[in-house]
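Structure first, commentary second.
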Amino acid sequence: MMSAHDQNPASHTERNDESTTHFGFQTVDKHEKESKVANVFHSVAQQYDIMNDLMSFGIHRLWKRFTIDASGVRPGNKVLDLAGGTGDLTAKFSQLVGREGKVILADINSSMLNVGRDKLRDKGLVQNIEYVQANAQYLPFEDNTFDVITIAFGLRNVTDKDMALRSMYRVLKPGGRLLVLEFSKPEHELVNKAYDFYSFNILPKMGEIVAKDGDSYQYLAESIRMHPDQETLKSMMEQAGFEQTSFKNLTGGVVALHKGYKF
Amino acid sequence: MQKVLGEPLLFAQALSAALETLINQLLRYNMQGTRALRPLSGKTLTVQLTELNMPLSFTISHEKVHVTSSDEHYHCCIRTSVSTLLAFNKNQQLTDLIKNDQLDIQGDLKVAQRFAEIAQTLDIDWQSEIAKRIGDMPTYQLGRVGRSLREKINFARTQIQADASEWLVHEQRLLVTAGELAYFSRDVEQVTAKLHALQQRLDALNK
């Protein structure tokens, strides 16, 4: 079984060759990745929530709750939920920041944004949420705008992660914090092997049966392996300017929450 | 338990999610609705129970209670144990609890009292809620069975208490009856009085 962390950490690929990047295990031109990732998410948008529950056995809800707890969000805060997809984090943030606060749900993919918007409106959450179709590398906001920025299960799909982190740093207020919730490298080898088997054998089949799209879930498994491990991502955040960076492994390192501040 | 899910804090998230669902469900059934929450909108009460070793914060927003496991921001924070918390609303005990280091309160006490008031004034018509789901007749039957069961349990409890008391006092002679205790106390009082009188006489003779 291929283990990308051992072979080819993503950040190194990006730094070694300026014109190419990875799309799962494939090496593609940078400008090509965006449209390929877009196709994946256009395809899975409608079944995204149900697949999340199935794939993670519902644990993704606890990972997201952990992120909310770590955000320290309070009434009146301005929050950017980047790659917010179907709006799980936005729904909670919207209620916690209250009428005086604001949450921006941003995603590069219009299909995901539409699903998120419909879901949140159905829940009656309309007062303090704005929807923005935006590329994480070129955030269309003024400097020092947000108290909290979260990006949950989105950073690994971004073409140039370093550029995206710099962009997030720019729009974060001094004193604000960035939270990156993302799949990572399991701490124990046994878990790693079981996780590899699950990701490459069961996950694509599950995608084929439920979402009628095995290829997209094959990409999901590959993209997770190509994502930088905990320490690499932490140093990438530091290079982007974030301070007091730290990470917490969740579920044995299958997922990690990285935190960094702008001062 | 905390390590089962891999990392220490997911237990806190599971607990806060369960509590949040339970509390909001109870509020939905409340006859008074969620009106009582309005004055507390935007307020956060944090509770740190010694038994749990993690904070639980209750924030009111959109007429719902949101439970998080974070103590970064609150209007009132209570650090105590479960048993102390149950006696919290009795104002006369508050000072004693604080003096005895059983309770530590930071922030606006009124926020905590308002939360306690809401909990106490919950008024849920369980029969009506159950009837909505299983129908009137089964609810009536269920209620009858429940009442009869409660009466039987109460009767059994009283009976067991009486039997245990009988066994301890009369059969095992481990405890004394109320009459025996009163008789013994009277004897003690008489001896004390006699001793006091004797002491006075001795004092008079010594002068």
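Cβ atoms here come from the backbone N, Cα and C positions, even for glycine.
Just so you know, TrEMBL annotations are computer predictions that nobody has curated.
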S-adenosyl-L-methionine binding, same site as A:T86, A:N135, A:A136 - TrEMBL member from A:D29, A:D107, A:D196, A:D213: A:D107
Greatest C-beta neighbour count within 10 angstroms, which of the binding-site residues A:T86, A:N135: A:T86
Assigned element (helix, strand, coil) containing A:A136 (S-adenosyl-L-methionine binding site), judged by DSSP: helix
A:D107 (S-adenosyl-L-methionine binding site), number of other Cβ atoms within 10 Å: 28
For S-adenosyl-L-methionine: widest Cα to Cα gap among A:T86, A:D107, A:N135, A:A136 in Å: 16
DSSP three-state assignment (helix, strand or coil) for A:D107 (S-adenosyl-L-methionine binding site): strand
